[in-house]
Each structure stands twice: as C-alpha cells, then as structure tokens.
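Quick look at what Swiss-Prot annotates:
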- HIS72, GLY113, HIS114, SER115, GLY145, ALA146, ASN173, TYR284, GLU366: thiamine diphosphate binding site (BINDING)
- ASP144, ASN173: Mg(2+) binding site (BINDING)
Amino acid sequence: MDLEKLHDPSLIKSMTKQELEQLAEEIRQFLIEKLSITGGHLGPNLGVVELTLALHSLFDSPKDKLIWDVGHQAYVHKILTGRAGQFDQLRQYKGLCGFPKRDESEHDVWETGHSSTSLSAAMGMATARDLKGTDENVIAIIGDGALTGGMALEALNHIGHEQKDLIVVLNDNEMSIAPNVGALHNVLGRLRTAGKYQKAKEDLEMLIKKIPAFGGKLAQAAERVKDSLKYLLVSGIFFEEMGFTYLGPVDGHDLDDLMENLKYAKKTKGPVLIHVLTKKGKGYAPAENDEKGTWHGVGHYKIESGELVKKPAPPSYSGVFAETLKKIARNDPRIVALTAAMPGGTKLDQFAKEFPDRMFDVGIAEQHATTMAGGLATQGLKPVFAVYSTFLQRGYDQVVHDICRQNLNVFFAIDRAGLVGADGETHQGVFDIAYLRHLPNMKILMPKDENELQHMVYTAIQYEGGPIAVRYPRGNGYGIKMDEVLKEIPIGSWEVLQEGTDACILTFGTMIPVAEQASKELSQQGYSIRLINARSVKPLDEAMLHEIAKSGRPVLTLEETAVQGSFGSAVLEFFHDHGYHNVVTQRMGIPDRFIEHGSVSELLEEIGLTSSQVANQLSKLLPRKQKRA
C-alpha cells in the first residue's frame, strides 16, 4: 500500500494478520530505501516493525500513551501516524526529527533522545491518569540496554511498589548501540532461553500445592522448599519480585504471539512487563548480521551490497584521542579507560583490543562510571572516562560531589563537544563548559586541531593536580601533520595565532577557522585583527587578558557553546573583577535555546556563527575606516 496514505494509526486496526504482515514487509523496504539516502537509525527500527504494528492495532494513540525510550526506534511509529511523506527529509534541517517530538505530532507524547527515561515518564502519566479519573492505557517501550540505566531501575522499583496499571514492553535485542554488558543483561539472557514464563508459573503452582504444609519446623521447611523451587524453576522471578506481572519471552516478529500477550497485559491489573525478543536489523542481512553496532545508526549506504559510503577523510578526533591514549598507555600502566556503553563511538574499542584488562564498559551508567573513575584514582591509577558531552550531564552530581570535591585525578575525555548536527537538540554538546567551569579544581582544555588534541591528551595524563577535561568535536580533523613527540601544553596558557592592532578575537576549537576567515574579511576592509587560541578555557590566561584589557582594543569572544555561563562569561567576569570596565566586549556563541537538527553548517548560519556574521558583528565595534583616495 501507499504508506503516505497512513495518516492515522486507526487505519490498521481492521487489517487481517496477512495484511499486517504484508504491511510489515513494505515498511521494512521503505526504511531500507529511505535511510540508504538520508542515514539514520536503521537497525533499531527494522527490529520493531511487528511490535509497533501490534501496539497501534490494540491501543488507541494518542489517547493511550506510547512512550518510546531513547526514541531512535520510533520511525515505524512515525510512519503509522502520518509522517511517511516526510522521510526524504529525515534528520535534515527543518525536516523530520529522528526522535519523538511533541510539536511534530500529537502521537509523540514524550520526547526522548537519552536513554532510560521512559519508565519514569510513564509512571508520571499513569499517576496523573488516576488522579484525574481517566482510563487511558500507558505503555513504555524500553530496550534491554536502556533497562540497565539506573534511572530505569529506580522507576521499576517505584512502579512495582505503587502497583499502577502500566505496561512495560521490554524490547530485548541483546544490543543497545554496542553489545550489552552487565549482570542484568545476563539475567535477560537466561530469560531468553527459559521458555514461556506463564506456563512455567502455572506448572509450578500445581507442584507447590502438592507440598504438605503441616505444623512447626516441617511447615517452615516446606515453605523454604517452595521458595527454592520458585527461584529455581521460574526465571521471570526477577520482575515478579519487583511487583510486575511478567509475560514472556514473546517472539517480537510473531504478530499472533505479540497480540495475545498485549491483550492479556491490557486487561491485567497492576504493572505488567512483556519481555519481547526482537532481532535488530530484521529483514536486511547486513544489519541482521551486525555484531558491533555498525548498523545502529548509519549514513549513506548501498542497498545491494550493504557497503557504507564514506568519503576519504582525515582521522576523526575520537580516533586521534584513542590512538594517543594507546600510545601513552604502552609505557604507563596506570592508565585505565572507561565508557558508558559507547566503546565504538568513543573509539575505546580500539583501546580495549590492546588493553582488554584496562578498559571498562559499565553500560548505560554515567553516574557509576564517574564515581568508579574516582575510586580508581584514589588508588593511584589514571582513569580516563571518554563520554559524549551530552551524556556527561547524566553524571553531573558525581562530577561535583565525588570527583571535584575530592580533587581526584580523573581525566574526562569529552567527545562530541559542540554542535553534532543531525541528532539534534538532545545530543548537541553545548552545555559542558557552562556546567563545569564553575566547579572548584576542574580544568578545561579544547584543541584547535587534531595535532593539538594529541598533546592535550598527553597533558591531561601527566597532570596530577585534580580533575581535567579535554573536549573535542564530532567528526574529522584537518589532515595536518602530526608531531611524533608528545609534549605538555601549559595549562592556563593561550596561543597568539595572528597579531593585529584594531581588535582581538578570543576563541578556541572549531571556531578558530571561522575567526580566521572573519579576520580575512575584515582585513579587506582595512582592519587588523588579533587572533588568540584560548585553548585553556579554565583556567584563563590571566597574563594575556591583562595585556589585552590594557591595550584598549575591542574584544570579541567566540565559542560553539552556550553563550550564557561559558567562556565569554568568564572573560567578562575577569574584566569586571579586575576593574577593566571600559573594555568593549562582545560575546558570540550558542543562544539561549535548544538547537534542533540539521547539518552543522546550516545550524551555524541559523544562530549567527558563520565567518561573515562574525565579521559583521565585530565591525560594529570598530571605528569606520576612511577610504583611501
């Protein structure tokens, strides 16, 4: 059928099983074709086609609330709710968002992007329903990877205690982005092979009834036998003990099995957890056979061969970080690395190949990773926690309370710092400077290129004065020559890239090329601009700031971070605190709003951070030049 005609999920409710199976095949082909051009989260969505069809067949969205954890697996939901015609612009500037978006559709009742939030949101909605006296169903769909997150476990505990009518669909594909780790993953592994829980439970109850319960010690012994049998024979007891009715495992690609269990859950009082087994990448062989997470989120690819289309490019910043860390670790046994379920994205999977005993993937658990790093540091090791800027937010209290307060030697390698593009507002790494720079003991650096990055990694390893963060962007470097010998960069020192007499631009990282081009444009108007690589965001280069302030030149601070509370604010604070009240200073950075999806270049133009926009802004601070005769 024409998927663009699916303007409402009610249209599939009257379909036969055969028609739904045909629709599932058409949706898979649609996704494979569309995402081969736009890129996106292919593997997760191919795995939930039948599950999404079953949910929309049995429940009445948007009255019934479907909450997608992380949200990257909601493409099928978007197709069924009238958005198939927008997939040519998936994750493109001003196009269809890759995650649920409340202002995009009434069927997107909760926005996600980070993991492990759905159960808490579902608990809130179920509680509100009961307080208002309405009767809608609340269903949270969460993956086995996201279920390892501490917030999800906190919510399970609360939901089970309160006994709210709420359905949790556990989408178990044995992977999140990378293969899952941890004890809970092992519990789910045993459940996958345990057979149907409800049948086992009924058989067990029959067996227990045959155990006599007569007086005294014999009665106590009988109860112990009953408990032992229960734990021995019924694998679903983990969730039952949390207060849930457990259903499953259910074949996530069998519509009959899905429908039967969803119907049972719908009429069951109290919280229900349906354990659904799915195959990530179902229906497309390259994605089905992916064991590393390559097909979780992809760019352009060739459908026939499954070849990912990548243009030749210099090494990525993540790759340079990991290679440098390996190089140093060969001679420094103190170095250990941590990741929170992102070994591939951070490139620590390469570190793990060489140092498997010194690399720790803790799962989706940034809080735990941060404090574990602190524990390692107290014992004389040098822990390196590689984490995306947007995900470090999840471990903020631990950064404050456990690391900075104790002044522990933990190295935070902050990946994806700055705008990240297509993943949009939930993933832009623009807040870390603002939330880190005011913390006592924290140091923050950012390199201008990949060569400076390797020196900063070395500097951070050698630093013994407490916590230090080196932030670096998504994407590739510039292909410049890399120094063979690593050296320390003095913390608190800046670099003069270009001398000038009319104004000064203070910038760092990805904004340096923008500033260089802006200064060229201004030079054509007769202006001479001084350009500073402010690579040490904290501490500032106070000696240079004194000299700049005394020169009397206008100052422009330029950063690809939230302008409020970040680097520019620090410079203004310095001028104010030292009595330089006459220094004309202009801040430029990310405005006070969340930045949506699009290419980085499109987003920079939208928020006013292109070279011509920077040049125009700085020119307003400068006296007009007299035209030469």
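Going from the start of the chain as shown, residues are counted 1 onward.
Positions of Cβ are set from backbone N, Cα and C atoms, glycine also.
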Distance [Cα-Cα, Å, rounded] between ASN173 (thiamine diphosphate binding site) and ASP144 (Mg(2+) binding site): 7
In three-state DSSP terms, the structure that ASP144 (Mg(2+) binding site) belongs to: coil
Among the thiamine diphosphate-binding set HIS72, GLY113, HIS114, SER115, GLY145, ALA146, ASN173, TYR284, GLU366, as the record gives it, the longest Cα-Cα distance in Å: 32
Densest Cβ neighbourhood among HIS72, HIS114 (binding-site residues), 10 Å radius: HIS72
Length of the line joining the Cα atoms of HIS72 (thiamine diphosphate binding site) and ASP144 (Mg(2+) binding site), in Å: 14
Cβ packing number for GLY145 (thiamine diphosphate binding site), 10 Å threshold: 29
Whole-number Å value for how far ASP144 (Mg(2+) binding site) lies from GLU366 (thiamine diphosphate binding site) (Cα to Cα): 17
Densest Cβ neighbourhood among ASP144, GLU366 (binding-site residues), 10 Å radius: GLU366
DSSP state at GLU366 (thiamine diphosphate binding site), helix/strand/coil: helix
Spatial separation of HIS114 (thiamine diphosphate binding site) from ASP144 (Mg(2+) binding site) - C-alpha basis, Å: 14
